[in-house]
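Read the structure below first, then the notes.
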Amino acid sequence: MATTATEATKTTAPAQEQQANGNGNGEQKTRHSEVGHKSLLKSDDLYQYILDTSVYPREPESMKELREITAKHPWNLMTTSADEGQFLNMLIKLIGAKKTMEIGVYTGYSLLATALALPEDGTILAMDINRENYELGLPCINKAGVGHKIDFREGPALPVLDDLVADKEQHGSFDFAFVDADKDNYLNYHERLLKLVRPGGLIGYDNTLWNGSVVLPDDAPMRKYIRFYRDFVLALNSALAADDRVEICQLPVGDGVTLCRRVK
């Protein structure tokens, strides 16, 4: 969402508009700033170097098109960054995932990254409360030839997960799950996903560094939504660190991604 802890406290609507359209002095915007600086790197130039050198040249045309469509959406800061999409695509291939799940879809950039990495008979159970956003990216997904892999469910994810947990045949049947949704429910999702993801499978939680606010003092000024969800993110990070059912790795990709490998 934002770049650093400083931006978490100081970014305003005019500043966001200025970031999206240049610096106010006629300087042209950098490409990644179209959807905000989704990296915790302090150097904007270094992040741009990563995108220009390793990410954009390898980005599939369908993902590029979806990224550009999403950049025009008023909620574009909700999207997965291009480097994180590349990371997820590689991760799916590395673990040989076939059956996956995504909680929180938005326009489907990370969903498309996953779908492209899955084998032809791979599947994704995708859940989001807003079908309209998903349908914004659906033409790109279909154009990429992977729409048949996606089972989209509109509505809250917890009832869907509870139904899956109630079906013993679904236990341990998923290879991978990616969560980028309501932070106040991350721990609720975690308990259910540990039943549904197979031993050795992975769960990825997005935004676990939460705009850098996780290192700010409690009395630091923050935007309202940052402050509201900050304690939930801190609680998640502490809980995952103490959970012996998983091995964890927290990475400064995008806004922070924590990978959990189920071991119990």
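The backbone N, Cα and C atoms fix where each Cβ goes, and this holds for glycine too.
Annotation for ASP180 (substrate binding site): spatial neighbours THR80, GLU102, ILE103, GLY104, TYR106, SER110, ASP206, ASN207, criterion Cβ-Cβ under 8 Å with sequence separation of six or more. Annotation comment: Swiss-Prot describes LYS38, ASP180, ASN211 as substrate binding site.
The Cβ of VAL105 (S-adenosyl-L-methionine binding site) has 27 other Cβ atoms within 10 Å, all protein chains considered. In the three-state DSSP scheme, VAL105 (S-adenosyl-L-methionine binding site) is classed as coil. Here Swiss-Prot flags THR80, GLU102, GLY104, VAL105, SER110, ASP128, ALA157, ASP182 as S-adenosyl-L-methionine binding site, drawing on sequence analysis.
Per Swiss-Prot, the feature divalent metal cation binding site maps to ASP180, ASP206, ASN207.
Taken from Swiss-Prot, the feature compositional bias 'Low complexity' covers 1-20.
Swiss-Prot lists 28-37 with the feature compositional bias 'Basic and acidic residues'.
Among the features that Swiss-Prot reports, region 'Disordered' is placed at 1-37.
Taking the Cβ of ASP128 (S-adenosyl-L-methionine binding site) as centre and 10 Å as the limit, one finds 24 other Cβ atoms among all the protein chains shown.
The binding-site residues in question are THR80, SER110, ASN207, ASN211, and the one with the fewest Cβ neighbours inside 10 Å is ASN207.
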